[in-house]
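Peer 1: Below is a structure I'd like to ask you about.
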Amino acid sequence: MLILLYLVGGLALILLSAEIFTNGIEWLGKRLKLSEGAVGSVLAAVGTALPEAMIPVMAILFGTGDAAHEIGIGAILGAPFMLATLALCITGIAALVYTVNGRKREFMHIDDTIMKRDLQFFILVYSVAILAAFLPVAYKLPVAILLVLAYIIYVSRTIKAGGAQGESEVKPLHFAKKYEQPATSVILLQVLTALVGIVVGAHFFVDGIEHVAELLHISPFILSIFIAPIATELPEKFNSLIWVRQGKDTLALGNITGAMVFQSSMIPAMGIALTPWVLNDLALISALLALAGAGLVYLSLQIKKSLRPSTLVLTGGLYAAFVMSAFIV
């Protein structure tokens with residue numbers, strides 16, 4: 001009964017906090033005069049990436065033994081994999097279901113420059129992170145530093161390229177609905193409160209799943225790469241669904257692809273620096289499939305100059321392939 005309470009209560013808290021967060025982050029971006037691309041790819045992406053980022057941090061810094069390292073590495077690889085497959089797939093399904101001005105989408109209404117930039121960075125930095133597993137120990141720390149620098153460059157370019165934010169309508173701030181121009185302090189309070197809710201909700205949800213997994217005797221690596229990311233990637237998925245429903249496709253996909261860049265650079269940098277960073281066959285398969293998902297979307301944008309929701313849905317097949325491979329490898 002307690003496990004069920006953790007699961008349901010954690011999920012409900014994540015959902016509520018995701019709605020509050022998206023509203024607050026849009027107001028913060030408006031106050032900072034950032035573009036939708038910068039809001040989605042940097043502020044929303046990093047903020048909602050915190051829950052899944054906490055798992056490897058806690059496992060690596062405070063865990064003990066090989067199991068802790070397995071959980072840490074599994075969580076590090078599981079996050080970008082889930083984003084590049086399942087999260088994109090769910091967003092594509094939502095785009096097919098929700099209409100824009102009463103009409104179904106034939107194409108995603110996005111800034112393709114922003115999307116291609118995010119995907120290029122992801123493919124590059126994640127490839128470097130995976131290749132680091134085959135390098136001698138002496139070269140791993142420099143690679144970790146390189147990944148951090150790459151993310152700093154990405155953030156700088158995203159903000160500089162964004163320009164001023166458009167005049168898209170923003171709903172009243174939940175914490176100050178009576179004010180047309182709420183104070184910056186209230187906006188920050190709402191964003192921080194939502195982040196706390198996301199983190200706490202994810203903690204309870206993951207804790208409930210972990211207890212279930214223990215009863216089923218699942219290995220630490222399988223637990224971390226499969227189950228934990230499903231729970232902790234919920235913020236990206238639900239925030240993006242909210243934005244797709246509102247017709248804000250650039251925010252919706254930028255939230256996911258921006259998190260992909262963060263999760264393929266900053267978090268792997270920590271794993272490379274603080275663990276042996278030795279990847280087993282299943283880990284390598286997940287990485288290759290994540291790169292394939294990102295590559296599929298990038299090629300569509302590069303060759304066809306557009307992105308169909310159905311292309312995003314196809315990335316779900318890569319997730320299914322990984323599920324099957326887990327029982328073979």
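The backbone N, Cα and C atoms fix where each Cβ goes, and this holds for glycine too.
Small disclaimer: the values here were computed from a predicted structure and weren't measured.
The following feature annotations were taken from TrEMBL:
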| type | residues | note |
| --- | --- | --- |
| DOMAIN | 4-156 | domain 'Sodium/calcium exchanger membrane region' |
| DOMAIN | 188-324 | domain 'Sodium/calcium exchanger membrane region' |
| TRANSMEM | 42-63 | transmembrane segment |
| TRANSMEM | 75-101 | transmembrane segment |
| TRANSMEM | 121-154 | transmembrane segment |
| TRANSMEM | 186-206 | transmembrane segment |
| TRANSMEM | 212-231 | transmembrane segment |
| TRANSMEM | 252-276 | transmembrane segment |
| TRANSMEM | 282-299 | transmembrane segment |
| TRANSMEM | 311-328 | transmembrane segment |
Peer 1: Could you give the residue numbers and ranges of same-chain residues that sit at least 6 residues beyond the transmembrane segment (252-276) on either side and whose C-beta is under 8 angstroms from one of its C-beta atoms?
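Peer 2: Apart from its flanks, the transmembrane segment (252-276) reaches 36-37, 39-42, 44-46, 48-49, 52-53, 56-57, 60-61, 69, 72-73, 76, 79-80, 83-84, 87-88, 91, 108, 110, 114-115, 118-119, 121-122, 125-126, 129, 132, 137, 140-141, 143-145, 147-148, 150-151, 154, 158, 236, 239-241, 243-244, 294.
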Peer 1: In the domain 'Sodium/calcium exchanger membrane region' (188-324), how many residues does DSSP call helix, how many strand, and how many coil?
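Peer 2: Tallied per class, the domain 'Sodium/calcium exchanger membrane region' (188-324) gives 119 helix, 0 strand, 18 coil.
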